[in-house]
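Participant: Dumping the structure here so I can ask a few things about it.
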């Protein structure tokens with residue numbers, strides 16, 4: 001009787017997604033080594049599965065149902081192991097919707113080898129299976145690297161499930177929903193527009209649903225077609241990104257034919273070394289066989305999902321295109337590879353697999369889509385601010401900054417982690433260049449992430465440091481970042497600068513309608529004005545306290561502003577309290593507010609602050 005050993009899970013663990021990758025070994029009995037291992041699921045909630053054993057190693061994907069599960073592993077020589085595992089649904093987390101975008105006249109088919117199924121029902125089966133592979137792969141990467149069994153959530157509902165070809169037709173389970181979104185464009189229009197317009201076509205199709213915000217969508221264009229005469233894939237683009245409220249990834253269906261359509265087909269597909277016919281796309285010239293094509297299609301779409309989660313291009317991993325070996329996360333044997341000329345690999349161990357980069361997983365650890373019930377909650381309204389002193393730029397977020405990334409040439413080149421996260425993180429230009437090996441004339445971008453998942457990107461930090469310094473009659477003062485995008489082409493106003501010992505305002509008068517017209521600072525009977533006196537005046541008494549910050553509503557212009565005092569008192573929002581995006585500025589510790597700057601068109605389209 002062979003002994004069964006599970007390497008990546010223990011008894012009575014809690015998991016948070018429907019399918020879980022299991023790594024294990026079987027101990028040989030004398031000269032006999034089992035060739036397969038069988039998995040029986042809890043109370044026959046899912047058909048029994050058989051997985052290959054290679055040189056004593058196996059990988060299996062188990063199915064779990066909400067609550068307690070008993071999973072039985074057996075070998076053909078009587079080896080047996082029962083695994084107890086608890087599946088907790090994360091019903092409060094944001095979820096990813098998976099969808100096909102189809103033309104308004106689409107025939108609802110996709111490119112496939114002659115004679116193969118290629119209707120919308122088969123497409124749904126394949127895309128559903130790919131989504132669960134993304135989720136299980138991510139959860140295993142996170143667990144393996146010490147971040148817990150966490151992954152992004154997929155939109156699911158009780159409906160006929162297709163994740164096993166052995167289930168009776170119509171068997172209902174809680175399974176991934178694959179949405180079908182009709183575009184206003186015809187199929188031929190989708191195939192004819194410049195590729196970058198496909199992102200907007202998909203976004204328009206999602207926008208028509210009028211979904212609650214934020215939303216997360218991964219979309220595949222079903223009407224993608226490969227043209228052998230031009231060797232072009234029409235109706236395909238690989239893009240992912242969006243705004244804080246709208247996250248969108250898009251991809252074409254040119255490799256969908258190679259995807260597994262059920263759990264029983266995962267290993268066969270990733271073991272299928274048959275050549276792709278010349279009338280089908282060979283994406284990136286890395287899709288010559290069925291298994292290589294599946295890697296590129298499933299993996300590249302996961303790469304775009306990574307962009308929607310905020311991941312930039314990384315030094316290695318999924319975000320550098322390590323997905324041509326995506327198959328290795330689910331198989332113990334790799335077959336002939338046209339891309340590399342390799343004749344195969346066996347056994348395929350965990351060390352041979354692709355993964356998310358360490359920085360991606362660190363980002364996921366704090367991402368709202370990956371939140372576990374035991375995770376603390378951080379206030380979402382706290383912004384990351386920065387200030388300059390001397391040659392140093394300091395980033396501030398009271399929830400804790402956990403990562404600063406430095407990017408140039410389209411890729412992360414250096415970073416600094418903070419474990420535990422810190423409320424303030426300071427760097428000089430020289431330190432940034434040292435961390436990223438950037439030359440003295442290399443432009444770079446700095447990205448700062450905090451535990452409440454606020455992210456700011458700054459280009460050209462040396463210029464920010466240089467321009468922040470302003471010489472006044474009472475010495476060097478420092479300029480804050482500018483709030484408002486100068487969308488009205490406003491003219492620069494004269495700076496208001498008042499020596500610290502004299503900056504003791506008695507009240508602030510805000511002039512506004514549905515946007516900020518001006519701020520008037522009173523010192524007894526005297527006042528200074530930034531902007532103009534349009535709109536209506538609104539007075540806020542300071543009463544011997546100090547101004548320590550502002551809440552600003554802004555976008556193309558400054559919609560409104562609120563004043564924060566040292567004694568804890570906060571003014572109402574003056575202007576449009578619902579306009580633009582909410583930003584906050586707090587005077588750093590050890591500094592004092594000494595003035596204002598900004599620009600004025602029909603109303604103020606930017607504002608900033610001076611500190612000393």
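Each Cβ is built from the backbone N, Cα and C atoms, and glycine gets one as well.
Pulled these from Swiss-Prot:
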| type | residues | note |
| --- | --- | --- |
| ACT_SITE | 304 | active site |
| BINDING | 303, 307, 313 | Zn(2+) binding site |
| DOMAIN | 477-612 | domain 'Jacalin-type lectin' |
Participant: Taking the Cβ of residue 307 (Zn(2+) binding site) as centre, how many other Cβ atoms lie within 10 Å?
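Facilitator: Cβ-Cβ neighbours of residue 307 (Zn(2+) binding site) within 10 Å number 19.
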Participant: What three-state secondary structure does DSSP assign to residue 307 (Zn(2+) binding site)?
Facilitator: helix
Participant: Tell me the residue counts in helix, strand and coil for the domain 'Jacalin-type lectin' (477-612), as DSSP assigns them.
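Facilitator: The counts are 0 helix, 75 strand, 61 coil.
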Participant: Please compare the binding-site residues 303, 313 by how many other CB atoms fall within 10 Å of each one's CB, and tell me which has the fewest.
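Facilitator: Minimum Cβ neighbour count within 10 Å, taken over the binding-site residues 303, 313, occurs at 313.
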Participant: Centre the Cβ atoms of 303, 307, 313, go out 8 Å, and tell me which other residues of that chain have a Cβ in range of the Zn(2+) site.
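Facilitator: Filtered neighbour residues, in order: 240, 304, 306, 311, 312, 318, 319.
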Participant: Please report the distance from the Cα of the residue listed as 'active site' to the Cα of residue 313 (Zn(2+) binding site), rounded to the nearest angstrom.
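Facilitator: That separation, Cα to Cα, works out to 10 Å.
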Participant: Count the other Cβ atoms sitting within 10 Å of the Cβ of the residue listed as 'active site', across every protein chain shown.
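Facilitator: I count 20 other Cβ atoms within 10 Å of it.
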